[in-house]
Amino acid sequence: TGALLLDGNTLNYFGKIFLPDGLLDRYQAFELIHARKPEDFEKYQAFELIHAR
């Protein structure tokens, strides 16, 4: 879960500059920042290749 990512380094990197109060609740934001590929990554990758040409 996002709560597991709230260590000191993560809070220093994704601090108030990047996640200001009121924009997202910190726990909601860390659910989005999980460093996993999306389920449909291949589709997005194909679109990026087409866009890059």
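Quick reminder: no glycine exception, Cβ is built from N, Cα and C everywhere.
Per Swiss-Prot, chlorophyll b 1 binding site is recorded for PHE18, and the stated evidence type is similarity to another entry.
In the three-state DSSP classification, GLU48 (chlorophyll a 1 binding site) falls within a helix. Less than 8 angstroms from the CB of GLU48 (chlorophyll a 1 binding site) sits no same-chain residue that is six or more residues away. Under the heading chlorophyll a 1 binding site, Swiss-Prot lists GLU48, citing similarity to another entry as support.
The chlorophyll a 2 binding site feature in Swiss-Prot is assigned to HIS51; the stated evidence is similarity to another entry.
Residues or ranges marked as chlorophyll b 2 binding site by Swiss-Prot: ARG53. The number of other Cβ atoms within 10 Å of the Cβ belonging to ARG53 (chlorophyll b 2 binding site), over all protein chains shown, comes to 4. Under DSSP, ARG53 (chlorophyll b 2 binding site) is assigned to coil, being neither helix nor strand in the three-state scheme.
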